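Since the structure comes first, as structure tokens, the remarks are kept for the end.
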Amino acid sequence: MTDPALIDELKTLVEPGKVLTDADSLNAYGKDWTKHFAPAPSAIVFPKSIEQVQAIVRWANAHKVALVPSGGRTGLSAAAVAANGEVVVSFDYMNQILEFNEMDRTAVCQPGVVTAQLQQFAEDKGLYYPVDFASAGSSQIGGNIGTNAGGIKVIRYGMTRNWVAGMKVVTGKGDLLELNKDLIKNATGYDLRQLFIGAEGTLGFVVEATMRLERQPTNLTALVLGTPDFDSIMPVLHAFQDKLDLTAFEFFSDKALAKVLGRGDVPAPFETDCPFYALLEFEATTEERAEQALATFEHCVEQGWVLDGVMSQSEQQLQNLWKLREYISETISHWTPYKNDISVTVGKVPAFLKEIDAIVGEHYPDFEIVWFGHIGDGNLHLNILKPDAMDKDEFFGKCATVNKWVFETVQKYNGSISAEHGVGMTKRDYLEYSRSPAEIEYMKAVKAVFDPNGIMNPGKIFAA
């Protein structure tokens with residue numbers, strides 16, 4: 001869509017200066033963190049109200065113009081990429097927390113509220129927003145809802161879906177729907193709210209969301225444990241889960257740790273070299289809980305599941321231990337990683353990881369593989385690092401070949417090709433490995449109801 005007359009008409013729907021067509025803006029707002037697709041939007045529009053969003057959607061319907069939602073653009077599946085002349089709808093100016101309800105522990109947010117902004121707001125109120133991940137400083141609530149974002153606390157607090165009390169959406173027809181009205185109990189038929197969570201903007205745009213908040217955790221304490229092999233991580237998880245209510249249980253490989261330590265600004269947890277590491281967190285609200293954690297650690301050492309470990313003794317040490325895990329994605333970005341975000345049920349994780357690791361190692365022995373993830377909920381992040389001497393297109397082509405084998409294994413284990421990053425365009429052609437043909441047809445039928453003209457983020461989840 002490059003018709004200047006249509007762009008001029010679009011400009012009348014928003015405030016002056018809130019439609020951009022310069023090359024820098026098109027490049028910046030037409031992409032997310034994926035590097036697989038060249039951005040090529042026609043324009044970027046910045047609404048400041050629900051009414052303006054409705055007007056934009058109705059304009060797009062009238063002229064059959066495709067729209068792509070844009071939040072913090074931190075996604076890893078190209079769900080926010082505009083590569084085919086679409087108009088990008090950025091929610092940067094709809095960024096306010098509109099209301100706080102102390103009794104209900106809820107905050108009413110516009111879609112452009114940054115995740116860390118909501119976290120800080122909750123903290124200022126003596127509360128806690130628990131959905132957390134490395135991109136919290138720039139990701140936006142609308143995007144979190146669009147991908148049903150997970151992160152590092154899912155084992156205790158669940159996904160974004162669990163924290164949406166209600167929301168307002170503008171459908172692909174331009175209708176405004178208020179979903180669930182912030183109720184805890186609402187047994188009145190279909191919960192349409194759940195359809196829009198994880199829909200990646202393909203049904204409509206979230207324009208307001210009421211987010212639930214939680215009590216603040218107290219005296220959070222972390223342990224980093226080194227294990228002799230991956231199989232040992234699972235009994236460690238079970239041992240600690242039997243004794244403590246964990247708030248997190250993460251894992252990473254020795255190669256992941258080496259990359260982070262290579263930065264020079266993060267201390268090693270201990271001197272012993274181990275092939276795999278687990279990071280777990282719990283609330284040490286009493287001295288007995290801390291003692292129980294130490295006793296469980298000693299038990300794991302006696303069983304041969306743990307070679308070495310350390311437990312945080314201060315807030316600073318807690319932060320340093322978390323940096324070992326949280327800095328991985330940022331650190332390996334230098335190597336243009338090809339990322340897979342896959343999941344199986346927790347009990348299948350060891351056999352699944354071994355099989356995937358063997359597949360990649362057999363076919364591409366020269367590729368460096370970095371594993372990490374949220375082992376407590378069965379979510380593994382497989383990262384294949386690009387050799388410095390290899391062209392990016394050649395590298396991505398080889399990785400795409402690996403994908404088929406990886407996803408066939410995911411299907412074999414009844415897993416998901418996308419645990420928390422969404423489908424977007426990067427996983428679109430592999431959806432059949434996680435969803436049956438009947439499911440996909442019903443999903444397309446749902447989209448047709450809310451977006452009959454196919455203007456809402458077309459080409460994401462399934463082909464346009």
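Using N, Cα and C of the backbone, Cβ positions are placed for all residues, glycine too.
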Can you find which of H238, H299, H421 Swiss-Prot lists as binding (R)-2-hydroxyglutarate at the same site as R325, S329, K339, N383?
H421
Name the one residue among H363, H381 that Swiss-Prot lists for the same Zn(2+) site as H374, E420.
H381
Note the Cβ centroid of H374, H381, E420, the recorded Zn(2+) site, then list each other residue of that chain whose Cβ lies within 8 Å of it, in sequence.
G150, G151, D341, S343, G373, D377, N379, L380, A419, H421
For H421 ((R)-2-hydroxyglutarate binding site), which of the three DSSP-derived states applies: helix, strand, or coil?
coil
Candidates R325, S329, K339, N383 (binding-site residues) - the one closest to E420 (Zn(2+) binding site) by CA:
K339
Here's one to test understanding: among the binding-site residues R325, S329, K339, whose C-alpha is closest in space to the C-alpha of H374 (Zn(2+) binding site)?
R325
Taking residues R325, S329, K339, N383, H421, which bind (R)-2-hydroxyglutarate in the record, the widest Cα spacing (Å, whole number):
18
How many neighbouring Cβ atoms, not counting its own, are there within 10 Å of the Cβ of H381 (Zn(2+) binding site)?
24
